[in-house]
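Take a look at the structure below.
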Amino acid sequence: MMGLEMRSLVAALLVLILGHFTSALEVPLDLPQPPTITQQSPKDHIVDPRENIVIYCEAKGKPHPSFSWTKDGTHFDVNEDPSVTMRPNSGTLEVDITRARPENFEGVFQCTARNKYGAAVSNKIVVRQSKSPLWSKDKIKPIVVKEGVSLVLPCQPPAGLPPPIIFWMDNNFQKLPQSKRVSQSLNGDLYFSNVRREDSRSDYICYARFTHTQTIQQKQPITVKVLTMDEINDTMADYYNFTEMVLNEAPVDERKPTFLIPSGHSSSKMVLKGHVLEMECIAEGLPTPEVSWTKVSGDLPGSRTSFLHFNKTLQIVNVSESDAGDYRCSAKNQHGAAHHIISVVVKATPYWISGPPKNLVLAPGENGVLTCRANGIPKPSILWSINGDLIENSPKDISRKVEDDSIIFTQVRVESSAVYQCNISNPYGYLLSNAFVNVLSEPPRVLTPANKVYQVIENRPAFLECSSFGSPIPKIDWFKDRKSGILDGDDYILHDNGTLEIQVAQAQHKGKYTCVANNYLGISENHVYLDIKEPTRILKQPVDKVVQRGGSVLFECIVKHDKDLVTTVTWLKDGEELLDDERLDLFLKLGYIIEKPAFSSQLVKCLKLHFFLSCRFIVEFESLSITDISESDAGSYTCVVNNTLDHDSATAELSVVELTPPPAVVHGRPDPPTDLELTDHKKRSVQLTWIPGEEHNSPIQEFVIQYEDSLHRRGHWHDLARVPGTRTTAHLKLSPYVHYTFRVLARNAVGLSEPSSPSRMYKTDPAAPDQNPKGVHGSGTEHNNLVITWEPLTGLHSNGPGLRYKVSWRHKRPGTDWTTVTVANNSKFTVSGTPTFSPYEIKVQAVNDLGEGPEPAVVIGYSGEDLPTAAPANVQAVVLNSTLVELRWDPVPSHLIRGHIQGYKINYWRKHHKHNSDQMEQRILTFSGNQSRGMLPGLHPFSHYSFEVRVFNKKGDGPASKTQQFKTPEGEPGPPASLLVTNPSLDSLTLEWNPPREHNGHITGYTLRYQPVNNSNELGPEEELALAANETSVTLQNLKYSPRYKFYLNARTSAGAGPAIFEEAVMPDKAVSSRQVDIATQGWFIGLMCAIALLILILLIICFIQRNKGGKYPVKEKEDAHTDPEFQPMKDDDCTFVEYSDNEDHKPLKGSRTPSNGTVKREDSDDSLVDYGEGGDGQFNEDGSFIGQYSGKSSSRDNDEGPESAGAPSPLNAMNSLNSFV
C-alpha cells in the first residue's frame, strides 16, 4: 500500500515539475554555479610519442573551479613530476616528453573540477601511445604456382596502434590492379581466385600506413611465378629447395567455386549498434566466380548498404538492431555454386534515449527531477554519484530521492546545490554525464540582444526570440507597440522558451515588439523589431527554345524583389551552376566564357582564355544569351533568384536542330562601325554608341573598344572594353586627367574589321590620386641604411599633374615619430644612419597638385643586415647508426643574428680513419630556417669526425661553434677489392682475392657462396663456405662437374656482411680431356710409334752401308774441294749429306738428336764417319780400323781457323733422336 502511495506521489511530482527538466537552462557566468566540464580528451586517447602529451580538461563555474587528477584510480600529484605542468586556470595537463618517457604516462586518467558548489568529473581517459613497429626483414621465398590455381599472398602487418591501413603496390609505388579475380581482403591479404600468366611478377609489396604517426612500413617484395605444366617440368629442379611451390602433377581444370574465406558452411559475427558491419566472402574457382549477397530473414537496408571489393564485401553503416540475422553470400560460375551463411548478432554500448540529464536551476523550495534514461544491449546498469562520490556514500539529504534512472528533488535548499554524475554501463562501454542542481534566487534578465531587427518575407512565419534567465523561471509576455495587450492566440503562438511565433506575417504585423520576463523577484523587458519584406518572384520566365546549330538564343528572366534586399541571379545548366567560381576554369575550357555581372542592366564584359576570341555565354542580371550554339548546349537552363530571405526559380529547355545547308555565300571581315557618339557625360564615365558596319555574311561576334590618351601617350591605342556583337552601346569607366579619343572595331568569324573613325576628344578633370603605389618594400643594402622602394603609378593612374610620393618611416617602437620626405620622378629612397637590422614602419602616399591619395597602408621593413656575432651553443652529436648522426644545438638569439636567418651550416670533416690515416674530407651541409637539429647522412662507418655549427643570414656566416667530435660505429664492409679464379680443372680450382678497400670496421671473416651453371644458364644449388679474416685464397676440391661456376664473395664485420663481389669460372672441357688421356694410353698408338722408329733405324743403317762402299776417303782433298760449305738438304740419290758450316757455334753435338732439316755438321770429309758417342779420339782407317783424325771433342772446335763440318749421321744418334721425339 505504501509502495502504491509513493508511486502516486512520484507521478504527481513529475507533473508538477515537468517544466524544470524539459529544457536546459544556461546560467550566465556572472552568477554562482557548480562546475561544468566544457572540454575533455576522448575516452581512448592515443598520443604521438614524438610530441608532448596533452590531456584536456576544461570547465566553467562561479567561482572558477580548481582541478585535480587521478591515474589508474589513485591521486596523481602534478607537482611531484617536473615534466608535467597544468595550464593556468585550466585542468589540461601537458607532459614534456623531452624530460620523461611517454610510456610512463600510459594509463587511465580522470579529471575533477571543483568549487564550493560541487565537483564535476571527466570521462575515464585511457592514454596510450601510438605504435608503428617495423616489418620483419626476412627474405620471402619466391612462390611458383601452376596456372589456374588459387593463391593467397599474406600481408600480416605488424600490430600497430591504431591498426594500420593496408594496401598493395609495386616497386614504382603504383597500386596493383584489382578485379573480381584479384582483390584484397579486410585483413590485408591479397587473394587470387585463379592465377594467370600475367600475374607473374617480382614486386608484390604490402604497405601498412599508420595514420597517427603518418608513417608507412613496407613488407619485403614477394615474387610470384605462374607456370604451365610444360614449364613446371622444365624448371622443377631449379626451384627445388629454395622456392615455395604450390604445385601438383595434374593439369588445372575448370571447377566450381569454393570459399577461401570464410571457411565452412556458416560463421557468426558480432557488431555494435551504430558501427559499421563488414562481411566478406572470397571464393576461388575457374572461371572466376561472381559473388552475391542476400539477407535470409529479410531485405538488405538499401540506403545503408554498399557492396565493396567487387561484391566480395558487404558493408552496412550505422548498424541497428534490425540488422541482426542471417546473411547468405553465394559464389557462382558456369560449373556450380557455393554458399555460406553468416549469422550477425547486434550488441549496443549504452546510448541515450532522450539525451543526457540536463542541469537544474531551482529556487529555494522548488521541486525538480534529474533523469538519466539510456538503453543498450544487454541492458545497462545505472550508478549515481554526487560530486564524484557514490551517492550511497554521501550524506543523506531529505530533499532528494533516487528512483532507478531518476533523482527527485522536493523543497530544495541553497545547500542542495551539487553536481550529480550518472554512469551507465554494460560489457561494451559506458556513458558518464554530469548535471548540476543549482539552487539560487535571481530576478529575471533578458539575454536576447536589444533592438534586434527581424526581417521576414510577407505571408511567411516569423519567430521573435526572447531568451531569458531567472530563478524561479520567469514568465514571458509579449506586447506590440504600446503594450495594448498581451499577444497570445489568434495570429500568435508563445513557445515554452519565450519565442513568439507569428504564423503568417503580413504588413500589419510590422513594428516594435516588447518581451517582458518576470518572477516574484523582479521584471525585465526587451524590444525587438519586425520588418516585412516583399517576396521575390520571377515575373517573366524563360521559355523553351528550338534553335539551329550555329545560331543564338536569349533566355529572359525578369525578376521582382524587395528593393532593400541584395538579390542575385544564377543560371544552371542541367542542374549544374553555370557561374560557379570554383568551376570557372572548367567551363572556360569547355567553351563557356562567363563573367559575373554587377547589379545593373548594362552589358557584361567577356572573359578571354587562351585562344577564345568570342563570348558564347553572356550572363546579365535578367538574361542569358548563347551564341554559336552546338549540340552540347542542348539541355535544361534554370534561372535561380536568391537573396538572404527568399528565392525563386524557373526552367526552360533548349533544343538544338541541324542547320539547313544554305546556298554558298562569300564570307568576309565586317566593315568598321560608324557614327560614334558620346553621351551621358560624367566625371568618371561616358556612354559610347555606334552603328555596326556590314557583316559580310558572318555575324559580328564582338566589338572591341579602344582609346588613345593624347595627353600622356599620343599615338598609342589601348583596349578598353569588349562587348557582344548584339550590342551597339557601352558604358565606359574612365580615369581622371586623361584626354580620351575612342574608336571601335568589329570582329566576326573571319577576322577583325578596320578601326572606325575616332570619336571626338573627351577630357576628364584632374583629381587627387585614387590609389597609392603598390609593392612598397623596405630593406637595407648596407648594415646602416634602409632602402625604401615602390612601384610608381602610371600616367593613367596619376589622376592629375605634379605626381610625387610622400615617403614616411619610423622606428618600430613605442614613442617614435614619423619622418617624411617627398620624392618626385623616382621610386626609391635611401635612409642612412640606421641601426643594424631594425624594424621600421613604412608608408608611401601618392600626391599630385590636387591633393593626396588615400591613407597608405603601413608595411614593415628592416634596415641592412650584418654578419651574425654569436655561434650556436650546446652543440651535441647523437650517433644513430654507422652512417647517420643527429646534430643538436641551441638556436642563436635573434638579436645576435643581425638579419633574417637563412639557416645553419654544418662544416664537418673526417679526422682520421683506421685504415687510411692520412685521408681528410671536408664538407658543408646547410639546414634552412631556424632549426635546432639536423641529420648528417652519408658518413663513413668506423671513423672519427669533427664538426662546427654556424648560423648565417643574407649577409653571410657567423662565427663557428666550438669544434665537437663524434665517432661512427662499425658498419658493413665494402666488397672485396678483387676476386680471381686460377688453376681450374675438372673438379677443383683456386680462388684468390684482396681485402675490401673500405673495411668499415674490423674484418671478422669472409663468406663464399658458389653454384654451378649449366649450358642453359640455369643455376644449380648454392653452397656456402665461411672463411677466416686472414685468408686471401682458397682451393675448392671435389667439385661436381659443370661447364661454369658462379662465385660470390663478401666480407663481414661485427655490423654484418657487406656486398658481394661476383666472378664466373669456365671449367675445362671434359670430353677433350678424356680423349687426350685415352689416345696416349692406347696399345695401337704405342705400336705405331715403335714401327715408325724401326723403319727410321733401318733407313739409317742402309744409308751407312751405302756410304762405306768404294774404299778410302782422303780427308785433305775433301777439305780443299769444299772451302765454302753451305747449309744444304740431304741428296735424294745416295742419302748423303752436303757440307754445313757454322761460324758462330763450335760446340759439339753431345747426345743430341739430328736437326729437323736432316743436316749434320761436317769436319773434314763427308766420306768418313764421325763417332757421335761419348768417346775421345777413336778413328777408322780405310780398312775399318780406328784412326786419330776424328774425335768426339776436337780441339779445332775451339779455335777460329775455319768452319766446322758435320760428320755423317750415326745410327746411335739417330736412335737417341727418335727416342727423344717419342
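Backbone N, Cα and C atoms are what each Cβ position is placed from, and that goes for glycine too.
Whatever TrEMBL says is automated annotation, not expert-curated.
As recorded in TrEMBL:
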- 1-24: signal peptide (SIGNAL)
- 35-122: domain 'Ig-like' (DOMAIN)
- 133-223: domain 'Ig-like' (DOMAIN)
- 257-345: domain 'Ig-like' (DOMAIN)
- 350-438: domain 'Ig-like' (DOMAIN)
- 444-531: domain 'Ig-like' (DOMAIN)
- 535-655: domain 'Ig-like' (DOMAIN)
- 672-767: domain 'Fibronectin type-III' (DOMAIN)
- 753-781: region 'Disordered' (REGION)
- 769-866: domain 'Fibronectin type-III' (DOMAIN)
- 871-971: domain 'Fibronectin type-III' (DOMAIN)
- 957-976: region 'Disordered' (REGION)
- 975-1071: domain 'Fibronectin type-III' (DOMAIN)
- 1084-1105: transmembrane segment (TRANSMEM)
- 1141-1222: region 'Disordered' (REGION)
- 1213-1222: compositional bias 'Polar residues' (COMPBIAS)
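Counting C-beta pairs under 8 angstroms (sequence separation of 6 or more), the domain 'Ig-like' (444-531) fails to reach the domain 'Fibronectin type-III' (672-767), with fewer than 3 such pairs. Note: the domain 'Fibronectin type-III' (769-866) comprises 4 helix, 47 strand, 47 coil (DSSP; helix = H, G, I, strand = E, B). Across all of the domain 'Ig-like' (535-655), the predicted model scores a mean pLDDT of 74. When DSSP labels each residue, the domain 'Ig-like' (350-438) comes out as 6 helix, 49 strand, 34 coil, counted as helix, strand and coil in that order. Here the domain 'Ig-like' (133-223) is broken down by DSSP into helix, strand and coil counts: 3 helix, 36 strand, 52 coil.
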